[in-house]
Amino acid sequence: MKIIQVADQNEGGKVAVEILRSKLAEGAKTLGLATGSSPLSFYKELIESDIDLSDLVSVNLDEYVGLEADDPQSYHYFMNENLFSHKPFKKSFLPNGKAEDAEEETEDYNRILSENPVDFQILGIGTNGHIGFNEPGTSFDSQTHLVDLTPSTIEANARFFETIDQVPTQAISMGIANIMAAKSIVLFAYGKGKAQAIAGTVAGPVTEELPASVLQGHEDVTIIADAEALSLLDN
């Protein structure tokens with residue numbers, strides 16, 4: 001596990017683009033993408049870079065259940081606004097949050113992931129150590145699944161909605177085993193709110209109670225973080 005301390009999110013985005021550039025030179029074809037505030041600077045730098053995405057495939061970590069793709073709070077909408085409409089991929093896959101049968105959708109998405117193995121996966125991290133929407137207690141063997149969001153995750157995401165009651169209570173998420181199957185992983189963490197989760201991820205016991213701790217067992221993980229997010233780690 002490699003840790004790169006950056007001054008801020010802007011620098012973090014630049015660093016991640018250069019890591020991606022090196023992976024593309026090694027033949028990477030499929031990118032695993034995330035939503036939320038942490039990867040935004042990466043997408044901005046990627047759009048402004050000379051990297052061509054038109055021959056690449058993307059797969060996203062997750063999507064809320066119950067939101068249409070054109071809902072401004074859906075992750076389809078987020079990705080279109082912040083990356084796809086500026087720099088499209090050859091093909092982009094996201095879970096369908098409006099699928100009639102959510103369990104069937106998880107099976108379909110697992111098939112998509114098996115057909116498009118991820119070479120380079122972007123992650124954020126929740127204050128409770130979740131990656132994707134894999135909440136504490138999620139099995140490390142989990143594949144794409146239907147998730148009941150925890151109160152802390154619903155509260156954290158409420159800032160994107162008019163009221164907390166509008167926040168979806170379920171999501172479809174890649175499982176931890178899906179994430180760990182990626183050849184290379186970059187995780188972003190910014191701010192003191194992420195410090196405890198990062199300390200556990202890097203130096204704590206590997207436990208399903210802190211989902212991101214599983215990354216200790218991956219051979220190619222880079223954490224890009226600011227001083228506040230790294231503040232509980234010993235130098």
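Yeah, the Cβs are placed from backbone N, Cα and C, and that goes for glycine too.
Since this is a predicted model, take the numbers as computed values, not measurements.
Secondary structure at Asp62 (active site, proton acceptor), taken from DSSP and collapsed to helix, strand or coil, is strand. Using a 10 Å Cβ-Cβ cutoff, Asp62 (active site, proton acceptor) registers 22 neighbours. What Swiss-Prot records for Asp62 (among others) is active site, proton acceptor.
Residues or ranges marked as active site, for ring-opening step in Swiss-Prot (evidence: sequence analysis): Asn128 (among others). Annotation for Asn128 (active site, for ring-opening step): same-chain Cβ neighbours under 8 Å, separated by at least 6 residues, are Glu135, Pro136, Thr150, Ser152, Thr153, Ala197, Leu210. Following the DSSP three-state reduction, the secondary structure of Asn128 (active site, for ring-opening step) is coil.
Long-range Cβ proximity for His130 (active site, proton acceptor), meaning a same-chain Cβ under 8 A and a gap of 6 or more residues, is found for Pro136, Thr138, Thr153, Pro211, Ala212. According to Swiss-Prot, the active site, proton acceptor annotation covers His130 (among others).
In the three-state DSSP assignment, the secondary structure recorded for Glu135 (active site, for ring-opening step) is coil. Look at Swiss-Prot and you will find Glu135 (among others) tagged as active site, for ring-opening step, backed by sequence analysis.
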